[in-house]
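Undergrad: Pulled these from TrEMBL:
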type	residues	note
DOMAIN	154-345	domain 'Peptidase M28'
DOMAIN	420-629	domain 'Endoplasmic reticulum metallopeptidase 1/1-A TM'
DOMAIN	644-872	domain 'Endoplasmic reticulum metallopeptidase 1-like C-terminal'
TRANSMEM	36-58	transmembrane segment
TRANSMEM	384-402	transmembrane segment
TRANSMEM	414-442	transmembrane segment
TRANSMEM	454-477	transmembrane segment
TRANSMEM	489-511	transmembrane segment
TRANSMEM	517-534	transmembrane segment
TRANSMEM	546-572	transmembrane segment
TRANSMEM	584-605	transmembrane segment
TRANSMEM	617-637	transmembrane segment
Amino acid sequence: MRSRKSVSKEHIALDPGDFKQNEEKRKYPSQTISPYVGILFILFLLALFGLVVLNGAYLPTPLKRTDEALHPDEFITERAQQDLKYLTDLGPRVVGSYENEVLTVEFLKKRIQEIIHHSHSSQKIELDVQIVSGSYYLDSRPTRKINIYANVQNVVVKLYGQDANNSLLLNAHFDSVPTSPGGSDDGINCVAMLEILRLFSKHKTRPLYSVIFLFNGAEESGLQASHGFISKHKWAEESKVVINLEAAGAGGSIVMFQTGPNRPWLNEDYGKVPHPSGQTASEELFQANVIPSDTDFRIFRDFGNMVGIDMAFVRDGYRYHTKYDGFNNIPAGSYQQVGDNVLSLVKSIANNPELANENPITGNVVFFNFFGGTFISYTTSTAVIVNLLVFGVSFLTFFISLRRFNLDLTVNTIFYFTQILAATLFGWLLASLSVIFLAFMLDYVGYSMSWYGNPWLAIGIFVIPTIITSTPLLLLIQPLRISRNANCFIQAQTIRLIWTTFMAFITLLGIRTTYPLLILVLFDTLAYVAVLLFKLEHRVWLWKIVYIIISIIPTWFSMSVSLNLFEFFIPLSGRIGSNKIPDIIIGFAAVLASLLTLTPYYFLISVLRKPAQFYKIMIAIFAICLVIVFTPLGFPYSGDVESPTPQRFWILHSQRVFHSEDGGVIKKDSGYFLLNMDRNSPRSVAKYVDEFKRSVPLEDDCKNFLLCGLPLAHQKMTEVVKHSTWIPASAPIIPEPVNLKVNSKTWISSTTLRYNLSIFGPDHSMFYLSPKKNLKLLSMSLVDKLADEDVLWNDRPYYFFVYTCGKEVVPVEAIFDFSVPENHSGPVMDIAVAGNYVHPKKFRMTPDFKKFLSKFPDWADMTAWVANYQSWIV
């Protein structure tokens with residue numbers, strides 16, 4: 001055991017006489033700091049966060065045509081910009097529109113033919129325009145749908161490789177949603193593909209494998225054109241790997257958010273790109289259906305048995321699927337970043353023998369960016385080994401620290417540790433409950449989502465309260481007869497052991513997103529190893545300085561991971577429906593991010609000389625931010641075209657007709673159907689639009705009719721349709737009403753009844769079918785097999801069909817077989833058809849509808865069209 005003399009400088013092992021010293025000496029004033037230093041440290045962390053934001057906004061320098069002589073094999077942004085300018089000037093490119101089916105297809109054909117004409121003589125390039133029809137079942141939980149499409153188009157180019165029988169597929173879609181010019185979604189990726197095709201066409205040598213460029217013309221309508229390619233195109237079977245390019249935002253960097261499945265070599269190739277960006281957390285959240293979107297990657301994976309990489313622009317998600325997703329808001333550096341990355345990736349994969357390897361090395365992968373430019377990936381088996389090794393080293397470092405401070409595992413020592421654990425965990429629980437309560441109260445008084453347009457407010461109203469509520473209990477810990485310095489040293493490592501235990505637990509659960517905890521625990525452990533190695537633990541301030549310097553690395557990483565997720569999820573909260581409380585979601589996420597980032601520094605609370613002063617300042621900051629929430633500065637929405645944070649509205653001027661069993665009309669009405677996209681809808685606009693005073697409840701319609709008797713435009717609307725708004729109004733102008741025709745009704749057996757139906761509607765139609773109680777749908781001609789599990793509406797199974805036409809509109813012809821009791825004579829099903837007239841040039845708005853829309857404020861982004869709904873009992 002060490003002599004008392006060796007520890008006398010910091011009063012580590014105190015005898016009873018030490019407690020007879022005066023009050024000031026017992027508080028070890030030499031080991032405390034001013035509370036204002038604590039505030040300065042918070043400001044330091046905010047400055048560090050600012051650097052993280054700046055680093056995340058970095059984009060490469062764009063190349064112009066004048067740079068081509070010096071960079072002949074590199075992506076030229078200026079050329080891609082010119083192509084995108086043409087596409088966005090066309091306006092929305094909606095499936096079935098002249099802009100999509102004629103102008104865009106002709107533009108792509110012309111550009112590709114020019115590339116072929118100027119290609120190197122050694123290259124073989126083939127162009128094909130596919131017009132395709134088909135149908136398939138998509139299990140997009142919790143809702144599902146049958147996708148039907150007719151005459152949609154794909155523009156497909158094959159750059160032949162040395163091995164022409166195995167190909168890399170590069171995919172982007174050229175269609176857009178109604179009302180949006182589709183600059184980022186997905187125009188920028190289409191023009192990037194054109195430039196990459198041009199560069200490959202100039203090469204003297206062919207790649208090892210062929211590269212197929214798929215410009216698909218029907219993604220926004222339900223991932224339909226990609227299915228048409230992979231199920232029916234002549235080059236589908238040879239396509240082994242896909243690079244899918246998407247957007248859920250505008251500008252910034254394109255990030256990899258899905259890979260594989262189970263192909264580590266894809267991550268190795270991606271790690272070679274010039275500007276890598278991606279993390280496993282995005283993949284796990286996306287595949288858990290947390291994000292209300294899907295991409296063509298799913299179609300290639302599920303229907304083509306393909307592996308690959310899914311990438312998307314995600315920054316500035318406020319512009320996604322709005323009128324603000326245009327040409328002018330995309331930085332030139334974004335073109336260069338996607339161009340450089342995809343060009344590099346295509347070169348790597350198209351020349352990698354693994355593409356055609358029928359027995360590849362498999363395994364799930366953990367991947368993330370480390371300090372921006374470094375991309376790290378490793379298999380999950382490696383992750384388990386690394387995580388458990390770090391787990392062991394973390395605990396070993398802790399026990400060595402105990403020995404350095406002459407602490408054995410006695411009853412008193414265990415009680416001391418229990419105090420730290422209890423104070424820490426209860427503080428975290430208190431912080432979570434406090435922020436959730438605050439979020440609930442803000443929602444209750446009608447001030448939800450103040451952080452939506454002002455993300456910095458989330459720091460003031462969620463992060464600051466986390467600090468205020470999670471730390472004071474640490475001040476109540478009664479340390480053993482050890483110095484304040486030793487108490488800090490042990491307390492900080494005890495908190496690390498909590499994170500270490502969490503890391504091991506979620507590792508054993510098979511969750512791959514353990515790397516934020518791994519980086520935290522690893523560098524925290526390394527910091528203490530360094531302190532112990534150089535015997536600095538008794539140097540009261542020196543070890544803290546060394547620790548803080550090393551901890552900048554995990555702090556930066558935690559901030560970066562948190563920033564990436566919040567940049568995506570804050571705009572996303574504007575389209576999750578009015579039935580969810582986004583303040584609770586964002587608030588709780590802020591608590592987790594705060595604890596992960598800040599708890600390594602919680603031990604500093606114990607060295608504040610007057611902690612009450614620190615808390616008073618923090619409470620004052622919180623109070624100021626809370627007051628801002630209730631002022632115009634805290635208003636969530638903005639229509640500023642330079643930095644929009646719009647509130648979204650889907651508004652359908654609808655006519656509804658409900659038929660009885662004998663075909664007669666039992667109900668007919670018209671109105672404005674509003675799908676409430678966020679928590680504040682429609683409350684936020686009610687004072688501007690007086691028609692909301694005439695809204696009527698939908699409860700009875702939801703009980704009596706399939707899907708509330710409303711003309712839905714997407715199957716995910718079924719999750720929030722009961723929270724919609726219906727305002728009675730004059731009838732819309734319907735270009736051509738939807739209709740249903742029963743061609744035949746045939747008994748296949750004594751208990752099987754077959755219906756042959758024709759369904760008529762515009763190029764964007766939906767229909768829903770639900771068998772009557774105690775009856776069952778056995779099969780249909782549109783898909784090979786029905787789902788094993790039914791989706792229910794009012795305790796009855798129902799089926800949701802999406803139907804889209806491209807170049808030519810044709811009716812749906814379908815056969816349905818039902819299981820019914822012998823001698824059944826009554827109706828078999830309820831069926832409804834909803835037609836959505838989404839092309840402004842093909843429908844006219846009534847003066848009343850125009851006046852209604854004109855009353856909405858400029859920060860409202862409206863997707864408005866005309867709809868016709870009719871239902872039958874057959």
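Placement of Cβ uses the backbone N, Cα and C atoms for every residue, glycine included.
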Undergrad: Does the transmembrane segment (384-402) make contact with the transmembrane segment (517-534) through 3 or more Cβ pairs under 8 Å, each pair 6 or more apart in sequence?
TA: yes
Undergrad: If I count Cβ-Cβ pairs under 8 A between the transmembrane segment (517-534) and each of 36-58, 414-442, 584-605, which range comes out on top?
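TA: When the Cβ pairs under 8 Å are tallied, 584-605 comes out ahead.
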Undergrad: Using a Cβ cut-off under 8 Å, which residues of the same chain at least 6 positions beyond either end of the transmembrane segment (584-605) come close to it?
TA: 33, 38, 41, 45, 424, 428, 431-432, 435-436, 438-440, 443, 451, 458-459, 461-463, 466-467, 470-472, 474-475, 488-489, 491-492, 495-496, 499, 516-517, 520, 524, 544, 548, 551, 554-555, 558-559, 562, 565-566, 569-570, 573, 611, 614
Undergrad: What else in the chain is close to the transmembrane segment (454-477), if you only count residues 6 or more beyond its ends and a Cβ gap under 8 Å?
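TA: Distant contacts of the transmembrane segment (454-477): 42, 46, 416, 419-420, 423-424, 426-428, 430-431, 434-435, 438-439, 442, 487, 491, 566, 570, 586-587, 590-591, 593-595, 598-599, 602-603, 605-606, 611, 615, 618-619, 621-622, 624-626, 628-629, 633-634, 636.
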Undergrad: Could you tell me what the rest of the chain brings near the transmembrane segment (546-572), counting residues at least six beyond its ends with Cβ under 8 Å?
TA: 45, 48-49, 51-53, 55-56, 248-249, 255, 279, 281-282, 291-292, 314-318, 320, 368-372, 451-452, 455, 458, 492, 516, 519-520, 522-524, 526-528, 530-531, 536, 585-586, 589-590, 593, 596-597, 600-601, 645
Undergrad: Go through the chain and flag residues at least 6 beyond the ends of the transmembrane segment (617-637) whose CB is under 8 A from any CB in it; none is fine as an answer.
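TA: Result: 35, 39, 42, 442, 447, 449-454, 457, 459-461, 464-465, 467-468, 645-647, 680, 684, 857, 859-860.
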